[in-house]
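Taken from TrEMBL, the feature domain 'GAIN-B' applies to 1-128. Residues annotated as domain 'G-protein coupled receptors family 2 profile 2' in TrEMBL: 136-409. Annotation source TrEMBL lists transmembrane segment at 139-158, 170-194, 214-235, 247-271, 302-327, 356-375, 387-408.
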Amino acid sequence: MSRGSASEKEVTVVATVINSTLFKQAPPRQRRKKVMTYQGTALGGFVLFVKAGSQPVKNLSQPVRLIFQRENKEETGTCVFWQESENQTGAGYWSTDGCHTDLSRDQFNCSCNHLSFFAVLVNPDITLDETQEDNLSRITYFGSGLSAFFSFVSLFIYARLHRRRPEKAIGIHVQLTLALFCLHLGFLLCSFLVQQLDKVDNSWVCRGLGLFLHWSLLATCTWLALEGFHLYLLLVRVFNLYVRKYLLKLSLVGWGLPTLLVIVCGSLGVYGKYVLKMQNSSNHTSTSEICWMSSDFPHRNYISYITVAYLFLVVLCNSCMLTLVVFKLKRIRVGTGGYESSSDWKKVKKEKWPSLWKNCITVLGLSCVLGLPWALASTAYISLPGIYIFTVFNSLQGWFMFMWSVALSCKAQSESNSEVRTASSQKMMTTSFNN
């Protein structure tokens with residue numbers, strides 16, 4: 001252990017090992033600050049108390065280094081210290097402020113800029129206070145409302161664009177946007193109507209809403225997979241591949257497969273009211289209800305795991321498709337590297353950065369169309385900012401599709417204007433030549 005203090009004088013550092021069961025975490029309502037707290041089991045069941053003198057030691061120029069031996073090689077942990085509550089009741093919570101964790105093969109190395117009660121929480125769970133829970137709920141509901149609205153507007157933009165340019169890709173975008181609209185609308189209905197259904201005995205309504213939400217989620221995942229499949233045929237296989245009744249066959253898969261799955265699940269009694277029990281750091285339990293998979297269904301977890309695995313597989317495959325697209329764009333750029341003269345080289349160099357910008361925006365738009373923001377779910381298990389990032393991006397998918405539809409519409413309009421100008425200039429040249 002290193003020696004340090006907030007003053008220039010040397011002091012004696014005292015370390016004491018205390019049983020972790022003596023630390024009682026405070027309920028969220030006793031915390032006035034918006035903090036991220038952790039909940040878990042202290043490594044070895046003990047807490048190390050480090051002090052120097054009788055005054056609190058903070059903001060050390062050289063951090064205090066603590067080494068905890070790992071008991072299990074597969075364990076993960078986070079260095080934390082005990083933050084007492086403001087009312088001095090003896091309660092508090094675990095925090096990471098001012099502490100840094102370095103994980104080696106057989107030990108945890110903790111560096112903190114203050115002295116306090118230290119421990120390593122093994123496999124810690126991030127806990128949120130009431131304010132953060134309310135903020136995340138507002139972001140989710142507001143974002144889903146925006147996504148439902150913009151998805152609905154995008155349907156009209158795609159329909160207008162499809163009449164002008166009857167391309168298969170636009171038809172697939174329409175189907176995906178419709179599935180996203182159903183998903184966000186179903187989520188809002190299942191979240192808000194479940195409270196009204198508590199007042200009357202309409203369990204069949206909740207089962208129907210749960211079935212609709214699950215069906216729209218599976219349909220969204222399936223159409224995301226079909227977007228990746230069409231991108232593969234368009235850019236990787238060949239450019240002019242013809243498949244008879246291509247959109248009809250994709251529609252049978254995109255809508256038929258989710259319908260078949262939810263019919264099987266519905267016949268098994270999967271759907272109903274789902275009660276989510278949340279326990280905060282003070283062991284106070286609160287509940288949240290939604291029409292989804294019934295909590296009373298004994299094999300609900302297996303259905304949930306299969307759904308999540310299906311979504312993960314789709315995101316993984318689409319990530320590979322997007323990687324192939326990036327390599328394809330890079331190959332096209334490299335293919336334009338032959339220049340016949342210095343003027344051609346200067347012209348290409350001048351257009352290099354705008355073309356690069358365009359390619360980056362294309363890749364970013366395709367990542368949203370392919371559903372890659374779903375991969376941000378992994379960040380929700382790491383830190384509080386990761387939870388917010390996933391919540392924002394996940395709830396704004398409809399808005400991303402709207403922006404993509406606007407980009408395609410602007411591109412089509414620009415190409416149409418270019419064709420008109422080209423035809424007009426050709427007519428003028430012909431008239432001038434004839435005269």
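Just so it is clear, glycine is given a Cβ too, placed from its N, Cα and C backbone atoms.
Within the chain carrying the transmembrane segment (247-271), a Cβ under 8 angstroms from the stretch's Cβ atoms is held by residues 168, 171-172, 175, 179, 206-208, 210-211, 214-216, 218-219, 222-223, 226, 230, 291-294, 297, 300, 303, all 6 or more beyond its ends.
Here the transmembrane segment (214-235) does not lie next to the transmembrane segment (139-158) in space: the count of CB pairs under 8 Å, restricted to residues six or more apart, is fewer than 3. The transmembrane segment (170-194) is not in contact with the transmembrane segment (302-327), judged by fewer than 3 CB-CB distances under 8 Å for residue pairs 6 or more apart in sequence. Residues 170, 173-174, 177-178, 180-181, 184-185, 187-188, 191, 388, 391-392, 394-399, 401-402, 405-406, 409 of the same chain, all 6+ positions outside the transmembrane segment (139-158), place their C-beta atoms under 8 angstroms from a C-beta of that stretch. Counting only same-chain residues 6+ beyond the ends of the transmembrane segment (302-327), those with a CB under 8 A from a CB of the stretch are 214, 217-218, 221-222, 224-225, 227-228, 231-232, 235-236, 265, 270, 293, 363, 366-367, 370-372, 374-375. A Cβ distance under 8 Å defines the sequence-distant neighbours of the transmembrane segment (356-375), meaning residues of its chain 6+ beyond its ends; these are 173, 176, 220-221, 224, 227-228, 231, 311, 314-315, 318-319, 321-322, 325-326, 329, 333, 393-394, 397, 400-401, 403-404, 407.
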